[in-house]
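Have a look at the structure below, then the notes.
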Amino acid sequence: MTTTAEAVHVIARARAARQARTVVVIAVLAVVVFATFCISLSLGDFKIPVLDVVKTLFGGGDRATEFIVNRLRLPRALTGLLVGAALGLSGAIFQSIARNPLASPDIIGVTYGASAFAVFAIVTLGLTGVAVSALAIVGAVLTAFVMYVLAWRRGVSSYRLILIGIGIGAIATSVTSYLLTKARVEIAQQALIWLTGSLNGRDWSNVRSLAITFVVLLPLMVFLVRQLRILQLGDETAYGLGLRVETARLGLIVIAVLMAAVATAAAGPIGFVAFVAPPIARRLTRSPGPAMITSALLGALVVALSDLVAQHAFGDTQLPVGVVTGVVGAPYLMFLLARANRVGSGG
């Protein structure tokens, strides 16, 4: 018979092995992300060797290379990495709170709300640039607030939150479509480009807004991650462990919404990144809880690789990055729904 001491030893060994695996996965992902980042900076109308890109990033390049890398290409590449990381973290929080792989900001309506407000700003108010981004953030936050209020019934049920979010997303999509039908052709084209999700024309102002978001929200996220792990055990268990469930859940939702809102404001609604990154991160690390760092790295990698493909895989034609992420994410969504259908039917 296995003694208690032996059982504790086995559990400790399994935990140590999982932690070691997580460290290795994070290290490998970080290297792959950096390599993809450098390759994206090296490609373009004027190709630069990757080693010269690395030298330039560390202050050792010539003036011409420094201008091309730092002034022309770096803001776009950094924006992509930060947007991907923010979406990965947002998706990890939403899916962990709801204990449901469908609970990501682009599935349950947060980014749809941001999109509706952004299209309203472009089509009806004639706004551009920072003003559109600001209204997109307002739209995401307001959508999340309405979702939370409607889902409240002596607490927030994850099931109600997802269903209400999907419903609000459908309403926001209808509003967006209506606004586009009333817009002039050239204005509608401008709005459609934003709606697809694109990194074209991104500059240092986008990088700064994303960096500030991370500086403000990451410490709060680190503080709340332990509470997120407790929430995954279920509300009754969390109450039994002394956790203020609704306070913790609300704080985490606010962080996730703000991450998704700022990312959407910076690059438009880049679909499926927040949806696919967290479950893949958990599979790679074999973690029972939220794999936050891995989710952020995977989100950054998905956006960076997708933008690389969007820019250079189709000859002279450049696609918005959201087109490529949609091609990657849509099959995964269908796989999840098919698997859920098989489980529900006992197959």
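The backbone N, Cα and C atoms fix where each Cβ goes, glycine too.
Unlike curated records, TrEMBL annotations are generated automatically.
Here the transmembrane segment (23-43) has long-range neighbours at 49-50, 52-54, 57, 69, 73-74, 77, 80-81, 284-285, 293-294, 297-298, 300-301, 304-305, 307-308, 311-312, meaning same-chain residues at least 6 beyond its ends whose C-beta is under 8 angstroms from one of its own. Taken from TrEMBL, the feature transmembrane segment covers 23-43 (among others).
Look at TrEMBL and you will find 77-95 (among others) tagged as transmembrane segment.
Residues 94, 133, 135-140, 142-144, 147, 161-162, 165-170, 172-173, 175-176, 179-180, 182-183, 187-188, 190-191, 194-195, 257, 260-261, 264-265, 268-269, 271, 275, 333 of the same chain, all 6+ positions outside the transmembrane segment (107-127), place their C-beta atoms under 8 angstroms from a C-beta of that stretch. Annotation comment: TrEMBL describes 107-127 (among others) as transmembrane segment.
Positions annotated as transmembrane segment by TrEMBL: 133-152 (among others).
Here the transmembrane segment (159-180) has Cβ contacts under 8 Å with residues 98, 100, 102-103, 107-110, 112-113, 115-116, 119-120, 123-124, 139, 143, 146-148, 150-151, 153, 188, 191-192, 195 of the same chain, all six or more residues outside its ends. Taken from TrEMBL, the feature transmembrane segment covers 159-180 (among others).
According to TrEMBL, the transmembrane segment annotation covers 207-225 (among others). Within the chain carrying the transmembrane segment (207-225), a Cβ under 8 angstroms from the stretch's Cβ atoms is held by residues 75, 78-79, 82-83, 85-86, 89, 93, 133, 248, 251-252, 255, 258-259, 262-263, 265-266, 290, 292, all 6 or more beyond its ends.
Residues or ranges marked as transmembrane segment by TrEMBL: 250-277 (among others).
Annotated transmembrane segment per TrEMBL: 289-309 (among others), in sequence order.
The transmembrane segment annotation in TrEMBL covers 321-340 (among others).
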